Amino acid sequence: MKWLFHTLLCMASLKPQGAFNLDVDWAWVTALQPGAPAVLSSLLHQDPSNNQTCLLVARRSSNRNTAALYRCAISISPDEIACQPVEHICMPKGRYQGVTLVGNHNGVLVCIQVQARKFRSLNSELTGACSLLTPNLDLQAQAYFSDLEGFLDPGAHVDSGDYCRSKGGSTGEEKKSARRRRTVEEEDEEEDGTEIAIVLDGSGSIEPSDFQKAKNFISTMMRNFYEKCFECNFALVQYGAVIQTEFDLQESRDINASLAKVQSIVQVKEVTKTASAMQHVLDNIFIPSRGSRKKALKVMVVLTDGDIFGDPLNLTTVINSPKMQGVVRFAIGVGDAFKNNNTYRELKLIASDPKEAHTFKVTNYSALDGLLSKLQQHIVHMEGTVGDALQYQLAQTGFSAQILDKGQVLLGTVGAFNWSGGALLYSTQNGRGCFLNQTAKEDSRTVQYSYLGYSLAVLHKAHGVSYVAGAPRHKLRGAVFELRKEDREEDAFVRRIEGEQMGSYFGSVLCPVDIDMDGTTDFLLVAAPFYHIRGEEGRVYVYQVPEQDASFSLAHTLSGHPGLTNSRFGFAMAAVGDINQDKFTDVAIGAPLEGFGAGDGASYGSVYIYNGHSGGLYDSPSQQIRASSVASGLHYFGMSVSGGLDFNGDGLADITVGSRDSAVVLRSRPVVDLTVSMTFTPDALPMVFIGKMDVKLCFEVDSSGVASEPGLREMFLNFTVDVDVTKQRQRLQCEDSSGCQSCLRKWNGGSFLCEHFWLISTEELCEEDCFSNITIKVTYEFQTSGGRRDYPNPTLDHYKEPSAIFQLPYEKDCKNKVFCIAEIQLTTNISQQELVVGVTKEVTMNISLTNSGEDSYMTNMALNYPRNLQFKKIQKPVSPDVQCDDPKPVASVLVMNCKIGHPILKRSSVNVSVTWQLEESVFPNRTADITVTISNSNEKSLARETRSLQFRHAFIAVLSRPSVMYMNTSQSPSDHKEFFFNVHGENLFGAVFQLQICVPIKLQDFQIVRVKNLTKTQDHTECTQSQEPACGSDPVQHVKEWHSVVCAITSNKENVTVAAEISVGHTKQLLRDVSELPILGEISFNKSLYEGLNAENHRTKITVIFLKEEETRSLPLIIGSSIGGLLVLVVIIAILFKCGFFKRKYQQLNLESTRRAQLKADSLLQD
């Protein structure tokens, strides 16, 4: 029977592979020959009628005769792409600034930004024209938003102060009659620009300095007009002795050159031929050969300093000539000459009607600058403004766009209301729209120049749909606003996310992503393409879309290549479908300036691919596609991206990338999983192995689609087999070593590829380990022969490691020939669990290991113990053999590994005793563990025990002996005392202990002590003072309040002195009860951390004894007492005499004296 091992590939995050999983070797590039579209953006679109996908390319049109949209498809040759213009696109008259191209299952929307002049007016505007196409690219609706207010609900009020509109208004026919809206056909009838001819008086009556001021005035006027009037052209005619054209309308189109010519004009002087100069303009300026257009509005500005002089023509004749019809004339008179009625009447004759609006008079040339704003207001007056505030004139409707349901579109109006911006919710069915901008809560000063509507996106939430709009210049940092379409009194965008860096253009690109493809938006990507560190590298913020009104939460950020600056990463973004076939949406992000400046003609720009997974988007890209790897001559590659549809019909999602001059389509490569199996014959390695082991290695393709089958036929599989990879000395090896290393096999078709090879034993087969499995690792990769191929080559999954592990077991002397079941019992005990550093010398652990089951192979014991335990000795049995290595540091512990009964531990017991010395140094932790771990090569036979140790540190601290102090209260009622406490000892391990000094300050109800000062000798000693009702360990009689001093000490010695003032003058009654005052000293510490070795010396006392003397009695008392005493003495003597006391005694004494004399005489006689 064969033993078959199957393995699944391990999930892992690897470094990006260059070709996962878009095929850069085969790309469709739009042709660069004349007439091909110069790309602004590109889009993949599918026609639902035939399910065919085409490439739509938007180009910058120079005029109305060139198409703005092209449809491209694969031509007859499979590697070429052919493009045809798409009809029906609205192309108004004007200068085209850009094209917005979006699409979905409802159709395709093309919006062109147009720079033109308003109908029958000098006012210029920057607006949009949009065409909505059906899914098969037929025209569905179109609108030219030249007069945006005409498209709005007439009941919708827009407040130009706070830039928000209120909801309400009329419906039905009332709406249709609101304002007249112009069609593109009507646009053809409008005039072609504005032509302004300046007629400058250069006669001799003008001083050169004044003439220079006139030239400066003309230069300033032209600059201001160029900024306000998009299609204004100028001509300048000077008159005097001669009449000459300084520059005409055609030459003024070069703005810088024409401004330079103004300053280089030389004054011609002499006569004042004003009428002839005006006729010269009619004959030589407002003609086609000089750049004049037939339908252009024509303006003549005459600047003069007085009467006409020396002119052969009559002014009235010139004014009434047919050529003057339709020319708007402004007359500016400079100087005092116009105080004369005739001269002023002549000036008014030059001007058009009404004379008051077209005639200007100043006293001198220095005052001309004051006319600029008034003249500009008359010539290029911006209708619909409040002051200088613009409303819809520069709205650029359609700058961004989204197609909604029910014939509605959402259009960005980035330039509305002084570029505060907004959006137009427009219905193509009834031609009406609602203007949406920021909430009234926003400060009107901060919303100006926000560019709201620069980008738009639609978020699909569980409770409905909401719209988000980017405002990249909001408060200079950028912001994202959201509009929730619900039944509310007001529809307005509310700020939801703010940018973090000034100038980063945060919010300029928005990309909603439905990761799991369930129809609900999961993430919103917000780009800041100008985010700068060293240059404008760019950054993309990934926000999780909240439910209902919750806040957007930042998941993470994405960035391009860290070593490249000015890449503008995030300039374009798109969700491109499931290009790696894992059922999660992927995202493409463009960095169009990456690699810019590498060399003349070199391609630059990149696109990064970020794959989705169940939790969102991966932080790192799976592929970076550089322009140089796709085709030569690609510039700004990555300025637009789109995808998610199958372009070439292979069933896989493809993407399109726009560059400056062409669009590129890249096809996806099929992603395949390989299931690797390995079969051994025999299925286990015998104990005594002689011969060969037959091995069959098979790779099976596990792919959900058939797209990989054609490409597999041209693939090669390169695999390597490594035998016994976990051992330094191999026990088996391939018989043919070349057959196991970098084997290249062609995949000839089908889903299987199998290979046979032989394993043979080495000389070291059973020298040490004949029991543990032999591990065999197989690594593999696909290779191609290179070149372009009709079918995309498959690729392995980027997120799965291309390797497999197999185990070849040895036969075992057990019931199961492959696995032995050992039963390991482990018991331990330790000599003591509480260790005192500085006191404890040794600690011993006894270890008992018993195997009561089958054989245990390669049994190992690992001892993990703290570093302050130094290994001393080990006591081990003779049999089975125990061999231990020297301890080695691993992280914060020491590890000692021991081999127990190698190679086989039979049914037996092992008793081991390990002794450590406790290091006399500070141990930082309160506790530590000694862990014993038993392991072997068997399956499921792990044993472990842990013993916890508790550590304390020893110290010696001795307080000075008790002492006595005296206070003579009879001499002085108060005294100054200093109480000295000396601490000395040995503190090797930095133990922290507290010295508490207790000074009684209130006895009974009398305040007798006041502490004046506290001193110490060590800087690191910290002392605190407080008044407490109790102090010390034992109570003291009569004391009601204490002054407590607590000092935290870590040194070997310390002297603490407390100075106090003792006052007992007013407490005579207290002194009768109290004869002494105790001052206490006591050492305390945390007994769970430290061990004090001499507790008997941790207390002391200083006793203050009060000395008292008897008081001297007064003189009357002494005299009275003396007299009384004498009288008592006299009475006593009289009583004794009366009783014969003195008489009897005298007689007895005489008798005794006579007797002694008689005896003495007798004694002498005898001698």
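Glycine is no exception: its Cβ is also placed from the backbone N, Cα and C atoms.
Model, not experiment: these values are computed from the prediction.
Pulled from Swiss-Prot, these are the features on record:
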- 1-19: signal peptide (SIGNAL)
- 20-1114: topological domain 'Extracellular' (TOPO_DOM)
- 27-81: repeat 'FG-GAP 1' (REPEAT)
- 84-142: repeat 'FG-GAP 2' (REPEAT)
- 193-382: domain 'VWFA' (DOMAIN)
- Asn256: N-linked glycosylation site (CARBOHYD)
- Asn341: N-linked glycosylation site (CARBOHYD)
- Asn364: N-linked glycosylation site (CARBOHYD)
- 383-435: repeat 'FG-GAP 3' (REPEAT)
- Asn418: N-linked glycosylation site (CARBOHYD)
- Asn437: N-linked glycosylation site (CARBOHYD)
- 438-491: repeat 'FG-GAP 4' (REPEAT)
- 492-552: repeat 'FG-GAP 5' (REPEAT)
- 555-619: repeat 'FG-GAP 6' (REPEAT)
- 623-683: repeat 'FG-GAP 7' (REPEAT)
- Asn718: N-linked glycosylation site (CARBOHYD)
- Asn829: N-linked glycosylation site (CARBOHYD)
- Asn911: N-linked glycosylation site (CARBOHYD)
- Asn925: N-linked glycosylation site (CARBOHYD)
- Asn968: N-linked glycosylation site (CARBOHYD)
- Asn1055: N-linked glycosylation site (CARBOHYD)
- Asn1086: N-linked glycosylation site (CARBOHYD)
- 1140-1144: motif 'GFFKR motif' (MOTIF)
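For the repeat 'FG-GAP 3' (383-435), the partner stretch with the highest count of Cβ pairs under 8 angstroms, out of 84-142, 492-552, 555-619, 623-683, is 84-142.
Every protein chain shown contributes to the tally, and the Cβ of Asn341 (N-linked glycosylation site) ends up with 8 other Cβ atoms within 10 Å. Restricting the average to the repeat 'FG-GAP 3' (383-435) gives a pLDDT of 84. Each of the glycosylation sites Asn256, Asn437, Asn1055 was scored by the number of other CB atoms within 10 A of its CB, and the lowest score belongs to Asn256. Here the repeat 'FG-GAP 3' (383-435) has, by DSSP, the following mix of helix, strand and coil residues: 4 helix, 24 strand, 25 coil. Highlighted: of the candidate stretches 492-552, 555-619, 623-683, 623-683 has the greatest count of Cβ pairs under 8 Å to the repeat 'FG-GAP 1' (27-81). Note on proximity: among Asn256, Asn364, Asn968, Asn1055, the glycosylation sites of the record, the Cα nearest Asn437 (N-linked glycosylation site) is that of Asn256. Non-local neighbourhood of Asn911 (N-linked glycosylation site): Asn846, Ile847, Ser848, Leu849, Pro877, each in the same chain, at least six residues away, with C-beta under 8 Å from its C-beta. In the three-state DSSP classification, Asn829 (N-linked glycosylation site) falls within a strand. The least crowded of the glycosylation sites Asn364, Asn418, judged by other CB atoms within 10 A of its own CB, is Asn364.
Classification of Asn364 (N-linked glycosylation site) by DSSP places it in coil, neither helical nor stranded. When the Cα atoms are compared, Asn829 (N-linked glycosylation site) and Asn925 (N-linked glycosylation site) turn out to be 22 Å apart.
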